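Dumping the structure here so I can ask a few things about it.
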Amino acid sequence: MSIKLREIFKPEYVQKEFYTGGHIEWTPDGHNLLCQCGPRVSILDIETTTLVDTIPQRTGSVKTGDEEDEEDECTDSVITFTLDPTSKNLITSHKSGLLCTWDWNERKLTKSWRHLHKGPVIKLAITSDQIIASGGTDSIIRLWQSEKAHCLHALHGAQGNISALTFLQLPNSEFWLFAADMQCEIHVWSCDDGKHLFKLQGHFSTVTELTFYKKQYLISCGRDKVVILWDLESKLQLKMVALYDCLETMVVLPEEGFYLQDLDNELKNTHIIPNGVCVAVGGENGRLHIWDVKNNIPILKESNADSQSIKSTKSITNMIFNETRSTLAICYVDNTITLQSFGPQHSKLTLIGSNDEILDVALLGNECSRSLAVAINSCDIYIFPWQKKKIESDDNCEIDKVELGVCCKRIKGHTDTVLCLTSYKNFLISSSKDHSIRVWLYCNVNRTAKCVAIGSRHTGAINSVAISKSLEFIVSASTDTTLKLWKLPKTFKSDEPHILSVKLTEVGHEKEINSICIAPNHQTIATGSQDKLIKIWSANDLSILGVCRGHKRGVWCVRFSPIDQVLLSSSADTTLKIWSMADYSCLKTLESHDSSVLKGGFLNRGTQLASCGGDGLVKIWCLKTSECIATLDKHSSKVWALSIVDDGSIMVTGGTDSRLVVWHDRTEEVRISEAAASQTKALQDQQLQNLLQNEQLLPALKMSITLERPNTALKIIQTLSKQGQGQDLKMVFQNINQEQKERLLNYVVDWNNNGKYCLAAQLVLNILLEDIMMGKLTINQEKLQGLMAYSERHYRRLTTLMTNLQLLRYTTNCMAPHLSNE
């Protein structure tokens with residue numbers, strides 16, 4: 001049975017960043033979460049946890065990773081934004097000094113203007129009456145009427161940067177504007193006349209958040225580690241609560257009550273009805289505090305499960321509560337967002353706003369409940385659900401597509417960066433810079449993993465780990481130049497992790513070991529090191545069986561073939577090599593990468609290879625011919641992670657550019673589609689010949705444009721022009737689509753360059769000119785200049801010709817009487 005090559009892989013899912021830090025907002029209905037993301041505002045659908053759109057929108061064309069980065073660099077960066085309470089307009093502040101108003105429903109820019117501040121606008125607020133307040137670094141706050149972009153008032157009194165800005169609508173419909181400055185003072189202005197009303201003093205460090213309760217109380221928090229409750233009627237401080245944490249954000253919880261999940265007991269769900277003013281605050285230590293500030297009573301103080309590691313502590317930077325969903329969105333400094341439900345149905349989701357550098361990936365679970373474990377330059381491991389969807393292909397048949405989304409579960413245990421992941425069935429093995437390995441057991445039901453075993457005998461960071469398919473042992477390799485063989489127990493404790501014992505230890509190389517793998521027969525182990533050597537070991541006693549020499553630089557990856565007795569290696573010398581396990585000689589050297597080859601693997605029953613490198617490219621190789629048959633470009637930097645699923649039908653890659661890309665093998669679909677297209681084109685060619693033979697020129701013209709036959713179309717247009725049917729062309733061109741009109745316009749540009757075909761070109765251009773003038777048809781500047789230049793030349797030539805013809809006619813008429821006399 002012949003094996004068909006997998007040649008065409010398409011990046012049908014790319015997990016892109018949607019939050020890079022900064023401001024976030026709920027839509028009032030709770031369906032979408034708006035997040036600041038570089039030069040754009042991302043729109044996240046909460047039901048599906050997928051990115052549905054951005055403002056401004058991206059261009060629809062398919063781009064490589066570098067092209068997407070270039071597009072983002074050319075886009076004006078968003079500093080902050082706000083959504084008005086009616087969800088009508090979105091206001092953005094840009095690095096260029098512009099304030100922009102976007103129609104929320106249409107996602108279109110409606111107005112932009114200069115904000116007149118001497119520095120950037122870092123805070124925005126808006127009322128339901130579309131009055132915008134902009135606070136900048138120049139200590140001035142400006143009030144704007146959004147429809148006319150008219151500055152109503154310039155409010156003075158604050159000093160330094162504006163750290164908080166919010167409106168309050170009084171019972172008489174008057175608006176007050178509250179703002180905090182760098183002098184730790186809270187200023188209040190009337191929005192009707194711009195008059196400074198009063199200021200509140202009580203904080204001793206930057207005030208980071210201002211919020212209200214029943215329009216009666218003002219609650220403020222700051223980096224002086226206190227929350228202050230103010231009475232707006234008396235302008236006095238009622239209560240000060242010390243929380244011993246540099247507070248960055250705060251929200252008021254609903255007075256009707258909320259459900260509180262006990263973090264130590266997931267089965268407990270308590271309904272809290274506050275007697276006073278309940279707020280949730282977060283700050284530098286990453287803990288969520290819920291406090292009744294009126295009665296100075298703590299309701300919840302989140303325990304720090306990661307106290308053993310400083311690196312695992314993630315500061316809270318922003319929080320926002322949505323009453324419709326009764327959900328609190330908590331933003332952390334690593335750009336992750338946790339959606340904590342305060343309703344009767346408890347749920348807690350983690351959204352990855354922007355990945356850090358992706359170091360490794362591993363697939364978990366069975367066909368029905370797969371997940372992808374990802375190491376993202378963090379001490380935690382992130383597990384993304386493997387979601388299969390049905391999509392329609394080009395030939396209207398359904399095909400499977402895999403998506404990961406941005407919703408994941410975070411499993412904690414390591415105290416330093418996780419470097420390597422490997423899996424088999426429901427077992428996940430991880431290694432870290434904390435000198436330990438951990439064994440995790442994956443649960444197919446809730447799609448999470450529990451640590452069941454720990455091994456810590458290395459004295460350096462563990463770069464690579466592998467598990468035998470017999471589930472009897474694990475091998476690990478470290479920067480301490482040793483490899484260790486760990487005995488894997490058959491059963492694990494349910495209450496606490498099992499401590500793994502080292503069965504064998506061997507000093508493997510002179511330099512750190514980068515990669516380790518186990519042969520399919522569980523009898524052989526291979527290691528690759530920075531000392532340029534590949535060593536083959538016996539799995540029984542770790543005795544050395546052979547050494548493979550040939551690479552000129554360090555070896556990054558080694559992998560055994562699933563069917564042959566050969567070994568694949570990739571190196572920093574930009575090559576891949578195939579080694580014989582019979583005599584440890586080099587069988588083949590594959591060269592195509594321009595940088596270090598960081599990872600490789602076998603696919604398609606060992607007949608093909610996949611590799612990824614420091615050049616940001618993923619390459620597919622045919623092992624029989626030693627040729628690179630496909631180069632896949634979607635990353636913009638080093639690709640560290642490569643996972644091959646279902647023997648090559650799907651590949652997952654990740655790297656320094658923080659992108660997770662899911663590649664689908666579409667070779668068969670593309671071949672079927674090409675065969676169907678070829679058959680359709682052959683039938684259309686025959687129809688065109690029949691139309692020409694029957695002199696049905698108008699239908700033949702439309703068919704020639706569809707088949708991209710410019711010469712045939714030119715001949716038909718010239719024939720129609722000679723027969724005096726040029727006006728009938730307008731009817732043909734009205735019945736072709738926009739793409740065909742653009743194609744015809746390109747033909748016109750080429751025809752117009754030649755004097756022989758200029759009449760046909762000008763005839764078509766005259767008809768298409770109406771669409772160009774109405775903006776339905778666009779033409780770039782370069783083509784327009786070419787059309788104008790040649791058209792002017794043709795006009796001068798024809799004018800000269802007509803002048804000469806008139807002169808000749810005049811001369812002939814003058815000579816006519818003399819000829820008759822003779």
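Keep in mind that glycine also has a Cβ here, set from the backbone N, Cα and C atoms.
Just so it is clear, the model here is predicted, and its values are computed rather than measured.
Look at TrEMBL and you will find 685-815 tagged as domain 'U3 small nucleolar RNA-associated protein 13 C-terminal'. According to TrEMBL, the repeat 'WD' annotation covers 114-154, 200-240, 411-440, 455-488, 506-547, 548-589, 590-631, 632-673.
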Same chain only, please: residues at least 6 beyond the ends of the repeat 'WD' (200-240) with a C-beta under 8 Å from a C-beta of the stretch. Say none if there are none.
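The answer is 163-166, 168-171, 178, 180, 182, 184-186, 188, 246-252, 255, 277, 279, 281, 283, 291, 293-294, 296.
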Could you give the mean pLDDT over the repeat 'WD' (590-631), rounded to a whole number?
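Result for the repeat 'WD' (590-631): average pLDDT 94.
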Sort out the residues at least 6 away from either end of the repeat 'WD' (411-440), same chain, that have Cβ-Cβ distances under 8 Å to it, and list them.
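Sequence-distant neighbours of the repeat 'WD' (411-440): 305-306, 308-309, 311-312, 359-366, 373-375, 377-383, 448-456, 458-467, 469, 471, 474, 476, 478, 486, 488, 492, 497-498, 500.
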Quick test of the contact rule: Cβ under 8 Å, at least six residues beyond the ends. What residues does that give for the repeat 'WD' (590-631)?
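Contacts of the repeat 'WD' (590-631) (Cβ under 8 Å, skipping residues fewer than 6 from its ends): 3, 5-9, 65-66, 553, 556-557, 559, 561-564, 568-578, 637-642, 644, 647-648, 651, 653, 655, 657, 663.
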May I have the DSSP-based helix, strand and coil counts for the residues of the repeat 'WD' (114-154)?
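Computed counts for the repeat 'WD' (114-154) are 0 helix, 23 strand, 18 coil.
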Could you put numbers on the helix, strand and coil content of the repeat 'WD' (632-673), residue by residue per DSSP?
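Per DSSP, the residues of the repeat 'WD' (632-673) fall into 10 helix, 21 strand, 11 coil.
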